[in-house]
């Protein structure tokens with residue numbers, strides 16, 4: 001029954017052990033990372049870059065170098081997919097475009113939008129880089145494997161395009177608000193204001209989740225759904241820790257501001 005309902009929304013799982021295995025690994029590893037965030041074991045970047053005692057003994061990167069390392073391989077994987085899997089239909093082209101555009105935006109933000117104050121450990125950068133790169137490569141490959149298959153009974157392509165556009169614009173806007181918190185030369189953290197920051201402390205995470213559900217709706221593959229759900233678990237955990245961090249640093253932090261879901265969590 002569950003499988004029949006699921007197959008109304010996605011293409012049949014591909015006869016590929018690699019894609020099936022990656023679907024499970026992505027979901028489990030991202031969900032586990034989110035649980036680790038709640039437990040206080042953070043990936044060492046952004047405000048948590050030196051949160052773990054062991055991070056002092058690890059190789060450190062500047063935030064800008066670390067973030068470029070995170071996103072550039074995934075962007076290149078998306079770009080390469082146009083050459084590796086050319087002209088495979090509207091859905092495939094839109095999926096490739098969405099993946100490539102998302103990671104291009106992240107590279108652009110690293111270079112021209114974000115203002116950094118901390119660092120990143122290489123130990124944290126490597127698994128995140130691999131996760132993004134493998135997700136971009138596996139999403140485009142799993143889409144390639146749907147060639148010749150009948151479309152899912154429920155077509156989510158156009159709602160997916162709308163969700164992706166809303167997500168990527170919302171994510172960029174709130175990253176822009178964050179960058180404007182600091183003047184030239186300033187490095188201290190401040191309580192974010194404006195936009196959805198009046199409701200949640202991590203609206204950029206909320207819109208990133210929307211981006212990946214948009215990509216899932218465009219793709220309608222098992223892997224894209226697994227990655228979207230896994231990303232949800234991870235960012236729920238990360239946002240919980242982020243709110244906890246702000247509460248510990250700012251006595252005047254608004255009590256009504258939630259972590260990531262307005263009025264709920």
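Yeah, the Cβs are placed from backbone N, Cα and C, and that goes for glycine too.
Look at TrEMBL and you will find 16-35 (among others) tagged as transmembrane segment. Tertiary neighbourhood of the transmembrane segment (16-35): same-chain residues 43, 131, 134-135, 138, 141-142, 145, 222-223, 226-227, 229-231, 233-238, selected by CB-CB distance under 8 Å and a gap of 6+ residues from either end.
Annotated transmembrane segment per TrEMBL: 65-85 (among others), in sequence order.
For 156-174 (among others), the entry in TrEMBL reads transmembrane segment. Here the transmembrane segment (156-174) has long-range neighbours at 9, 90-91, 94, 98, 101-102, 105, 109, 113, 192, 195-197, 203-204, 206-220, meaning same-chain residues at least 6 beyond its ends whose C-beta is under 8 angstroms from one of its own.
According to TrEMBL, the feature domain '3-oxo-5-alpha-steroid 4-dehydrogenase C-terminal' maps to 157-265. Along the domain '3-oxo-5-alpha-steroid 4-dehydrogenase C-terminal' (157-265), the predicted structure has mean pLDDT 95.
The transmembrane segment annotation in TrEMBL covers 195-216 (among others). Long-range Cβ contacts of the transmembrane segment (195-216) within its own chain (Cβ-Cβ under 8 Å, at least 6 residues beyond either end) map to 95, 98-99, 102, 139, 160-171, 173-175, 177-178, 224-225, 227-228, 231-232, 235, 238-239, 242-243, 246, 257-263.
The transmembrane segment annotation in TrEMBL covers 222-240 (among others).
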